[in-house]
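I have placed the structure first, in the form of structure tokens, so that the comments after it can refer back to it.
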Amino acid sequence: MSIPTQVYQCRKCGSSPLEVYLCKYTPFSNPSIFIKSLNIQITPSRPFASLTTIVLPGPAPPCMIFSQTHTFWPRTNTPLNQMSKVQKVSILGRESIHVGFGIHSHIVEETLTNEKSSTYVIITDKNMEKTAPFQNLVAAFNEQLPVLRPDARLLQYSVSPGENNKSRETKAQVEDFLLLKGCTRDTVIVAVGGGVVGDMIGFVAATFMRGVRVIQVPSTLLAMVDSSIGGKTAVDTAVGKNFIGAFHQPRYVFVDVAFLSSLPARQFINGMAEVVKTAAIWNEAEFTRLENFAKTFIATVTADEIDLLSIKDAVVQTVLESIKVKADVVSKDEKESSLRNLLNFGHTIGHAIEAIVTPQALHGECVAVGMVKEAELARYWGILSPTAVARLVKCIAAYNLPTTIDDKIFLSAVGHKRHFIENNTLLDKMAIDKKNDGSKIRTVILEAIGKCYQLKAHEVSKQDLRFVLTDETLVYPFNKSAVPAESVVVPPGSKSISNRALILAALGQGTVRIKNLLHSDDTKHMLAAVAALKSAEISTEDNGDTIVVKGNGGNLITCDEELYLGNAGTASRFLTTVASLVGINKESNDYSILTGNARMQERPIGPLVDALRANGSDIEYLNNTGSLPLKIKAGKGLKGGRIELAATISSQYVSSILMCAPYADEEVTLSLVGGKPISQLYIDMTTAMMKDFGIEVTKSTTEEYTYHIPKGIYKNPEVYEVESDASSATYPLAFAALTGTSCTVPNIGSSSLQGDARFAVDVLKPMGCTVIQSATSTTVTGPPVGGLKALPHVDMEPMTDAFLTASVVAAVANESTPTQITGIANQRVKECNRIKAMVDELAKFGVHASELPDGISINGISIDSLKTPSLENHGICTYDDHRVAMSFSLLALMCKDPVLITERSCTGKTWPGWWDVLHTKFQIELDGYEEPLDVSERQSLARKAKNGQKSIFVIGMRAAGKSTISKWMAESLGFELLDVDTVFEKSHGDIRDYIKEHGWPKFREIEAQMLKTLLNENTVGHVISTGGGVVENAESRDLLKAYAKSGGIVLHLERNLDTTVEFLNSDASRPSLPGEIEEVWNKRRDLYHDCSNHYLYSIRWSDSTEAAHLKNTFLGFLDHVTGHGHVPVPHKRSFVVSVPVSDVNTYAKQLPEISLGCDAVEVRADLFKEYTPSFVAKQIALLRKYSSLPIMFTIRTKSQGGQIEDNDKLVETLSLLAIKLGVAYLSVPLTEKESTLKKIISQKGFTQFIASFVDASGELSWTDPEFDNLYNRAVTINADIVQFVGIAGSLQDNIDLEKFRASHTDIPLIAYNRGEQGKLSKIMNKLLTPVSNQIIKEQPEFEFTVVEINKAFGDIGGFFRNKFAVVGSPVSHSRSPFLHSALYKQLGLPYEFSTYESDNADEVFEKLMSAPDFGGLAVTIPLKLDIMKHVDELSESAQVIGAVNTVVPIDGQNGKFRGDNTDWFGITNSFTRAGFSSLDSAVNGLVIGSGGTARAAVYALKQLGCQKIYMINRTVSKLTPIKESLPDFNIEILDSAEAVASAEPVSLVVSCVPADKPLDETLAQNLNSLLTASAHTTNCHFLLDAAYKPRVTPVMQMAEKLGWAVIPGVEMLVNQGVLQFEIHTGFSASYHVAHDAVFSE
């Protein structure tokens, strides 16, 4: 049985605490404590009525021996063995910083004893006040205050949490509280909390009563090591952080590390940024300790339960060491005049980032990124070594802190806000940094880890900052006078040798010090993998320049985490074989997983895997066959013996097996088959290095390309020196060749292991350079600029990576003979297809190059002929390939203007400092570049990529509509349609006969093989319709799943079972299904769902009109899932009508009336009577059948007023189903688990995600910080929209809501109050306000209709009473005023519509468009052309048609107008409403006339899908300009009776000639001939006469007699007016209301 303990400490002498055991078996009522071992009675100063006999073991403190009545205090509830001694740090001459673990009693006693006051005020935030450490502290104050300060009082105040509350307003609220409580100048304020509380309350103390005492009790790691130390206090403003404040030193800073036990992991990690920063600028030894502590720290703080006690001492030391540095610096420079600026390392850039993304990104996260960028700046200036930068980056990443703004840690926090981090914005923020000298930006420059350059902040140019901040760079032409005539460049260590050395050292026994190791992305991934597999202990010396590897002799074990290798091809290939040697870790997995980035998952590894499998390894492809990711079973090892390997693709396969072969069960004979191995020199390099590590490989004397490798264990040498990378050395040498200067690489010569060392002699020398090469150095001097010669042929097989450098040099070798490079076939499977990349990118410079079977041919041009690749075409693409980037940075120097190089950071793979060498060593001007980003549609910035040209697969039962819908897709996307069954029959004959002869299993096998072929060969530009049973084959299912997982579209089509059965029973074109149809349907249904990522329930149509609507609905669905037309977040006032029923069928047919004036229709999925995929899909299909509005799919849990249990898996299931169904909006409770929300958002595609919260209980007010926390959570998870619903008890609740809305603008917000008192909030809400309709009985009370909200909003002045008019001459009899006025009335809009008679566009502009109440125009003849000079932009239709019939002001641009044309819509909708549908076959159209309406008719017929558009007119010559201006519309002019006679039949005719006079006789004859011929040959034929006076025109009469369906022109007026109304007002209109208004004469 455990005995409870308490710790006591003598208040008088401060002696060390003694552990006290409380024995519950010995009741003791005397209010004193008897210490048996000393026979001393101690009188406590508080009642101990329930105390029992206490034993103090061990020696007593001195005060107890000489006195029997000393007062002892309970120090903490923490047992003695969990506490640490209080350690004191001096600052500004006082030991006022106290650090320890579990010291809250010490805090209280020290405060009350030494800081006498009448009033103590504890101030914290509303989150901290709920924590146990804070409550314990307050309890200790309440216990001890009556004893030590009986006349004093204790006050407590809490502020709202979060950076957004670190404001002047909150400061004023605190000050008002202090004043109301009568606080005076002797007040002591105790600030308990993180940096927000400490900074702000410190500022309160600095200014209240002209300064009162403050004590800081930091509760976060960040505050403990940084903000609480040094007396800086401040509040934030809209301009930036901490701009208003004061220096006000605290009396004490009490750092109780036990507070951290309640800290969330992210906050804990956040503080480590400042810890790392402090060590980086001041203490290299502490930095080294932090590097080693990272793994333990992260494992502890990210555990489900943080066991802080397990790392207590290390954390206390971490905090203490950081505090010591800051205290020392502050003591030397309190007011930040010089030395204290060093503490701002990382803050110049970090604060600027933070100002943009706060509060979603934390201070430490932003500073972490800032440190990396400022370290890169120091490297860019040539001050900080690349090794130091790599070391800093690695340490920061080890603490799970972001290192770039594109780090997944950072992106997961800030969501779409990432896109607001732009260069200009950052520079503006930096320009007003407090440490600047005026507007000159200053930053701290590291010289080495633990040391700052010149111990001050340095001025830095905006150009240098732009370069560091972006991944795109502008490379300026080289300046002959600035470039040094001679230079010496030492490239980093060889990537090839570095990676091999790490593998050999990790597999070896003993300790080796590897010097000059390349510090790059590749080696970083290799080091991480080696450490994860426990193959070696890795440490550093010489400030990180030397890597110390203590190998375990090949004893490797599996680890829990995947081994992520980025795009490190060498690492992936070497580690594949290494992973085959891994033993089983009983505490982990029995396998290893190797994975990488997207490009790495395309690069080949198949031949190596095949060889290893053949030798006993168990390796599984997890995605695409032949590429990573790989799952490699542990414990298998290598059998050894003879291994055959195809080595014509990559020598790295060979090296991988060679290096691991000594650890096989038997001696290995490695035979390279398939022809001459690629890159033999790299194989030789591997065997030479193996010899250095104690294993000698012998080459067979009897078999070509065969090696014998003995068994053994590598013996690590004491030191291994990595020579510089010869491939990288080609770039500075080529620089000399191009610029006519001289460059020496001192550690690459003829004795090098690397084939690329021959580049200078074999390539540059024949091209006209002077080359001096010794065994250990190479010097190149270029000819005069422009004097390079072409190289007719060079075999670069020994140095394949250097061909890119040779290519850019050859580009300016201006001779008639091209340069031909061969022997480089393997370069097609590197980081990219490098040969193709060179051909494509050289073309941007005007250099013609072409691919050879194993090389490239380059036709060099003169330097003067070089073109500068355009910025508009995004400059030079580097394909995320380091060698492409470095090569083209050289050719860019020779252009006349700056050249944009994208993704410059990819050079980090082999030479992170390449750009620094260009800038600092070669004096080349560089600048950052950032493409302008349109952030008007903010949420689209965070969306997945559009489908583009990726092929689409369609699955589903026969009779589901696959053929029809696949055809629609193919036509819409311009894709080719492939039917798998048709493809099968082309090669295997009739399916029925095949199955009869071979059976279903064989058919499914062949079908799977065909599907695999189609997937590989038709990845773009195809719609592939599969057979109904394709999902019955496991291999086919895996192929479809993999395609969907990779981002391709697999669409599952479903139709109800009855329709399916009916069709299949009557279809004899395919073999009968093996079993009952319903049984087969049920068997396949779940398989279809598993294999697809999109889902459509197809409802059968009853007529052509319904079919046309469903086709348009489907094409809208297609636009959504492909990303070509997803629904944006509305920018205008918008409404959503809810249909809160268990079955949409209840109101389906009334949806058009119910949703009038709305922008979306909502279904409450939690109310559905079924949650099966088929039922839910049918509900969505019904909505789409009867409404064209976007769908909002809402899920409510019980705590949110819904029907589904909170955190029920059903929320996730329904959400993912809704996304598959392609709904426009998905609303999910923000109260669900974060993992659930993030999973849904990660798969949302183009669906807008609404994070919703309903205060169903009404407990929260809009001033409650919980709404802040929820909003920030929504931003962090990357929600598209936030929806908050409160309950109003008074009008003030609505006012508070509007204040909340005004201060929360990061992402769009739907916010309103329910209840009678909340109506105002719904009127004020702008975005997707929920509305009701009288038809729906299930609506809750207090719901508004659209009309009611519009009227109320207008009554309070929300709508400007705009005036609209129809202009032209004559317009007195226009029906437009009636149409628009009727629609205004229906929707409750306070607008006026009138007529304005004029034929003068200038008059219309002056009298109407310039008026302050101008709302818009309907324009008719003769102003449709003249009015265009007064508009500032045109819609696409207005541009094509060349006329304007609608004008509106451009929102937000005073005095500017947009012109549109709705005539075409009037035509198209008139046809579709009359029943036209082009579902089954192509149609042709005819336009009669040549005026503006005729152009609109041509545009309309094109939109309706007409393949050919004929035109006839009385004056044929007037048609020619129309045809010439619309070359893509396939217009054919019928200029004779012969042309008319030979014309194809037409289905759609639009007459655009006046109807008030007889038709021209020839025109009438031609028209009659066309109508007669077409009436007998087409299934559908419709004629629209655009003239509506008279109602029945001569053309209409002619057509009716011939059996044509005729449409009066007034229909066109109605339909164009409906669209015109929507453009004018932003509201959707009722066709029926518009129609009745026009026809009610």
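From the backbone N, Cα and C atoms, a Cβ is placed for every residue, glycine too.
TrEMBL does not curate its annotations; it predicts them automatically.
According to TrEMBL, the protein carries these features:
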| type | residues | note |
| --- | --- | --- |
| BINDING | E274, H347, H363 | Zn(2+) binding site |
| BINDING | G956, M957, R958, A959, A960, G961, K962, S963 | ATP binding site |
| DOMAIN | 158-269 | domain '3-dehydroquinate synthase N-terminal' |
| DOMAIN | 486-918 | domain 'Enolpyruvate transferase' |
| DOMAIN | 1484-1561 | domain 'Quinate/shikimate 5-dehydrogenase/glutamyl-tRNA reductase' |
| DOMAIN | 1609-1638 | domain 'SDH C-terminal' |
| REGION | 1-462 | region '3-dehydroquinate synthase' |
| REGION | 1361-1641 | region 'Shikimate dehydrogenase' |
Rounded distance in angstrom between the Cα atoms of A959 (ATP binding site) and H363 (Zn(2+) binding site): 58
Nearest of the binding-site residues (E274, H347, H363) to M957 (ATP binding site) - Cα to Cα: H363
Residues that sit under 8 angstroms from H347 (Zn(2+) binding site) by C-beta distance, when 6+ apart in the chain: V367, G370, D433, V444
Integer average pLDDT (0 to 100) for the domain 'Quinate/shikimate 5-dehydrogenase/glutamyl-tRNA reductase' (1484-1561): 92
Zn(2+) site, defined by E274, H347, H363: further same-chain residues with Cβ within 8 Å of the Cβ centre: L222, D226, A273, K277, G346, G350, H351, G364, C366, V367, G370
Euclidean distance between Cα atoms of E274 (Zn(2+) binding site) and S963 (ATP binding site), Å: 62
Lowest local Cβ density among M957, A959, which the record lists as binding-site residues, within 10 Å: A959
Residue counts (helix, strand, coil, in that order) that DSSP gives for the domain 'Quinate/shikimate 5-dehydrogenase/glutamyl-tRNA reductase' (1484-1561): 32 helix, 19 strand, 27 coil
In the chain carrying K962 (ATP binding site), residues 6 or more apart in sequence that have Cβ under 8 angstroms from it: V954, I955, G956, S1025, T1026, L1053
Distance from A960 (ATP binding site) back to E274 (Zn(2+) binding site), taken between C-alpha atoms, in Å: 61
Greatest C-beta neighbour count within 10 angstroms, which of the binding-site residues G956, G961: G956
Other CB atoms within 10 A, centred on A960 (ATP binding site): 24
Residues satisfying Cβ distance under 8 Å from H363 (Zn(2+) binding site), sequence separation of at least 6: G195, L222, N270, A273, G350, E354
Cβ atoms near R958 (ATP binding site) (within 10 Å, other residues, all chains): 20
Tally of DSSP helical, extended and coil residues in the domain 'SDH C-terminal' (1609-1638): 25 helix, 0 strand, 5 coil
